[in-house]
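Student: There's a structure below that I have some questions on.
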């Protein structure tokens, strides 16, 4: 049978949205609606000229006019002469528009009240002003220029070009209130000068007259100034942009004088620079042998008479040459780039973001209108379309009442007001009444289009009416409710029960459901077999449920797959295809192995069934969606269709060995012989026996032999105890070697054997199985003692509250772990006797369940038989008192109360966080939905470099896991032999990875979607292997959606899992030391240390690292050397595995004395920069640095100074929260005058300073102060999801680190605007202002001698001896690079901790202060690859903590999407604007276009946008509108006349097309499926 021809829908490739002109609206309409009436209450027929008029909208019954004169189809197309209704289908009432002719124009509210207002932007008025005009509160006055003013108007950026009689004139718009209007007497003044009006009418008039072309030119010119660079400076630039020009030349003059360059004898000022650039004056670059001086300025008239050989130039080029010649003369590297950059920055700074954004916004809008050929006046409505009546139905309820759509109400108000306004105008009513009516009409139309945007119309019972916009937006709107999520016919749902007898590709379908779902197929089969003659009789048979029906049902269902789906559908494995087997009863039977992918259990879950109808759909279900095709997860490539619980327990039990069991030590000639012996009862299932297998004698058990019999033929003999992980590996391996069919069969066999032996093992749980460890009491006693010691330290004031908390948490975490360890040890050692057999401890049922991975975790058993341990508060902090009992002993009342905390948090979290995770998934899917594999190979040479991930010295993700299945980006050679291991663009397979490991290769450059160069979508080689199929990804695979699901699904899952543990928190054990994990030689790289009194080596810098080298000198391990750590090894020392290299105190950062000497505190003032806290519990005093008022932070800089024995001062900044560790008896409080405060307040102010008593010294290596770290908190994904969101939304972190943009050497200065020098004895004070370019080289509170330089360039010198006071705002870190001469200056606010030292060497991208790195900074400084690596690493940390595996490539896909945009830094000759953010694709197209026309291409830099913004700024307006902010997206798209190229998935779903992925891509669209009858059985 040939496939039936289907009626093809019109294929189209793109959809354009634009504004409708009044003519277009009238052309849609079938008639004008003049009356607000709907139906006649007696006849219930529509009223003539009303909102449901059949003459306008079409007949109510099919092929029947209203009066009933014409009935039947033969009259189709006739218009009834009596009632005027066309005889046609009643469906036309769903598609025919009407219209209302408005008596006065009305503004479309979308264009008035959007932010920013479109009309406002166009007229350069604020949205508030436009509103006042539209709602008749103010006048719009147009000021025309007089002849004298014309030129001034033209230059004024505030004027607007309007067309009048073919000419364009510049006018000014004023919005004037009524009172002002009367005062100014505009009415009576010059009619040619002023024109005025109110309401939408006047606005329309102005909009219609705007000359868009000229406005665009003018805006471009304004923008052009801000794109100016050094090379653009000339006379015309000066004329056009005087302000920018002046700023630039002042900057050049400043830079020239900084380097000491002179024009002859003259100091360079802006005057000299100006004459050279704009007035044609020359400068001498090379005086040759003449008397002229280098740099001398020459009048243009005298140039011709210059002596021979003299080189003189003019313009900006002259300045550049002069500068370079000068720098070469003084033997310095010429870096004119620095000047160019600073000129560029000065000009850019003038174009503040707001100013530039506004111009760009206006220009975009104007160009949008020009390109789309929309007219601005179409934003004002003259004609209002009336949507078809069946889309706003009026339904008769019983009892003679009607339910009506809100739209009818809204339309009625519009018509009423419109008719009243017409009447008033005809009656020539007073202006004020007409004005009021016009305003009311405007409000009525506003409410119809978007109710609630301005004012809110409500029903009688105060419910806001649902307007047209409301029916589009939000979850219940048209897009999300009806277009993206349709309900499907041929589906049903029911409860699921387990079906262990099924095969893996089958499900049990209740006969009742099947009968309903397959009805049409059954009818057909009944007719074919001659049981029924017509559909009608077939229907009857089915209703009567005769036996023949069931016979046909069996045949129809055979080989017809159905789809099963379990909500929530979080990833593609939540919908799978099965072959139905008919079952009695009403429940769907589900195969137990497919529960994990569905996340289903049998405690009342329901599932939905869908029937694929067409042959193509059935084929796709079979080939792609059958459950046997979904064994591996697309998120990480490991099996997800997996045995669990009982099955695992059974397999675990049958592969155990039982010592001294019956028949131990017997020898068998073949596996079959051994199995027979077991079946005859001669040997025990678990007895150790010897068997000849493949010619070798193997020691094994009968159980293992039975297990091996179900494995595929030729698979190696598995001779070990199996648990969940090993079974997963086994399945993975079988899949790899034998393909998915064999894997599926093996899974089925494992299921059967697992259930069988779980039954035989009869493992059950009993209270006696929970062994409470004997050593528990001792461990607890020890922990209690330790905790008491910590309390004592706290009471004695040695440690702070925070440190006490952290230490106690650490003690109890360790104690809990020890108890658990002991418990498991005891369980393993304890023997039990059953039926005369001795079973070792590992046969303890509870232990077996946990160790096999069948159910429960070590944590849960710990709570049952060990101790419950620490509990978390709802805030995530730990409660210091742990629960020492376990569930077997029972909890005390207090313990029970403490544990309710966590349990309740779990339940509350589950409810709240599910929504958060769901929303994250939705944003991810939206941003990545159009990433599809569109080609085999894009041919790029780029890639990213990957290596293993190491966290605190441990390999968390091995190298091979990161590269397997990816493609190389370049050839890889063996570093020792030089042989080629793999060429570029080849797949990295398991064999290749082994080669890499042998050759010791630790990093390799691989292809990645981040660097893929496909214009749309990505190519297969950049993506690599499809994780679920273990082969190169297919063209057409929707990898974007898969990425979104893989990242979103665990988020949703994990937030639902919190409450299972019941709040029992596990603190991450704190790392306090580095241990060598290999033997080798120690290499200390850049580690500086001091030796303290006890002879310990303390590390005193942060950039060092400790390496372990092997015999060849290759680095095998690398540990960061933390500041303040005690170093236990020497450089070059040989160490064994397990040697402690360094150890540190984890709960605070110390400040260590680098040298011994006297101590002095500066600016440490009680109640100003220091708070004295007395602990109520301990009675001890703790001094903590803090700023009590923000103002204090500017005036004071707390510091600790050690006057070293070597005569140098060692200064340490004390950041906020620092705790002083100088013993209280060595401190004293001294009242003294504070010069900084006195200066600021202009009156004498005294403070209480904390000072160190004379004679108190510290030794080298003493800890003088410490900065405590945060309290330990529970890290679960609920804390982690917001972090993932922060990363993917590209938000700036709250406490962001400052990072350096260049390599270089660090210098740290005070960031002070003024220096005050004070000599109290002589009563002298002197204040110096510090320019931005100079750096203060003296510290606050230091003493200086007369004549000493206070700043780096020597421009400020102390006039007398005295003390320095700085009005400081923090520090300035300057990074200087000697090679390039580049210098960057960073301001660090007070209280932020600087982690670099003076003169330390930094690399671009290194952090200078503490805090979280800001991704935008990383992108700017280090580029896309580093940023991507950072985002992937940070996001993976969150998931890894939860034990969730997600392949890196999924994050890469999302990151590719949020890096799609670039910011234009130089528009060149392109259509782009300065600072505009555009799509990379658009940029590339434009660059090619500009180059082909011989222009200057634009330059751009990458920007990072968050996932929400990326989804909203996608090229498809349909997709963006269905995501968020629907009305705004649609309004913008309409004005610009945007075209949607329909390249993504969502937009095609919305228009009802086939999605361009999988079999829907263009390549497959021509394929036709032909079925031949006899082949059908084998489909």
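Keep in mind that glycine also has a Cβ here, set from the backbone N, Cα and C atoms.
What you see is a predicted model, and the numbers here were worked out from it, not measured in a lab.
So Swiss-Prot lists the following for this protein:
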BINDING   65, 67, 80, 83  Zn(2+) 1 binding site
BINDING   601, 603, 605  Mg(2+) binding site
BINDING   938, 1012, 1019, 1022  Zn(2+) 2 binding site
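Can you tell me where each of these features sits in this structure?
Tutor: The C-beta environment of residue 80 (Zn(2+) 1 binding site), restricted to residues of the same chain at least 6 apart in sequence and closer than 8 Å, consists of 65, 66, 67, 69, 70, 86, 87.
Applying an 8 A CB threshold to same-chain residues 6 or more apart, the list for residue 603 (Mg(2+) binding site) is empty.
Long-range C-beta contacts of residue 1022 (Zn(2+) 2 binding site), restricted to its own chain and to partners at least six residues apart, with a cutoff below 8 Å, comprise 938, 940, 967, 1007, 1008, 1009, 1011, 1012, 1014. The secondary structure of residue 1022 (Zn(2+) 2 binding site), as reduced to three states from DSSP, is helical.
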Student: Among all chains shown, work out which of the binding-site residues 67, 938, 1012 has the most CB atoms within 10 A of its CB.
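Tutor: Sorting the candidates by Cβ neighbours within 10 Å, the top entry is 1012.
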Student: Have a look at the binding-site residues (65, 83, 1019) and report the one with the fewest Cβ neighbours inside 10 Å.
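Tutor: Each of the binding-site residues 65, 83, 1019 was scored by Cβ atoms within 10 Å; lowest is 83.
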Student: Ranking the binding-site residues 601, 605 by other Cβ atoms within 10 Å, which is at the bottom?
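Tutor: Taking 601, 605 as the binding-site residues, the minimal 10 Å Cβ count falls on 601.
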Student: How many whole Å apart are the CA atoms of residue 1019 (Zn(2+) 2 binding site) and residue 601 (Mg(2+) binding site)?
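Tutor: Here the two Cα atoms are 39 Å apart.
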Student: Can you name every residue in this chain, apart from 601, 603, 605, with its Cβ inside 8 Å of the center of the Cβ atoms of the recorded Mg(2+) site?
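Tutor: Once 601, 603, 605 are set aside, the remaining close residues are 496, 600, 602, 604.
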Student: Cα-Cα separation of residue 601 (Mg(2+) binding site) and residue 83 (Zn(2+) 1 binding site), in Å?
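Tutor: Answer for this pair: 64 Å between alpha carbons.
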Student: Which chain neighbours of the Zn(2+) 1 site, leaving out 65, 67, 80, 83, have a Cβ atom within 8 Å of the mean position of the site's Cβ atoms?
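Tutor: Those within range, site residues removed, are 66, 68, 69, 70, 81, 82, 84, 85.
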Student: Around the Zn(2+) 2 site recorded as 938, 1012, 1019, 1022, what other same-chain residues have a C-beta within 8 angstroms of the site's C-beta center?
Tutor: 935, 937, 940, 1007, 1009, 1011, 1013, 1014, 1018, 1020, 1021, 1023
Student: Sorry to bug you, but what's the C-alpha spacing from residue 83 (Zn(2+) 1 binding site) to residue 605 (Mg(2+) binding site), rounded to the closest Å?
Tutor: 58
Student: State the three-class DSSP label for residue 1012 (Zn(2+) 2 binding site), counting H, G and I as helix, E and B as strand, and everything else as coil.
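Tutor: Reduced to three states, the DSSP call for residue 1012 (Zn(2+) 2 binding site) is coil.
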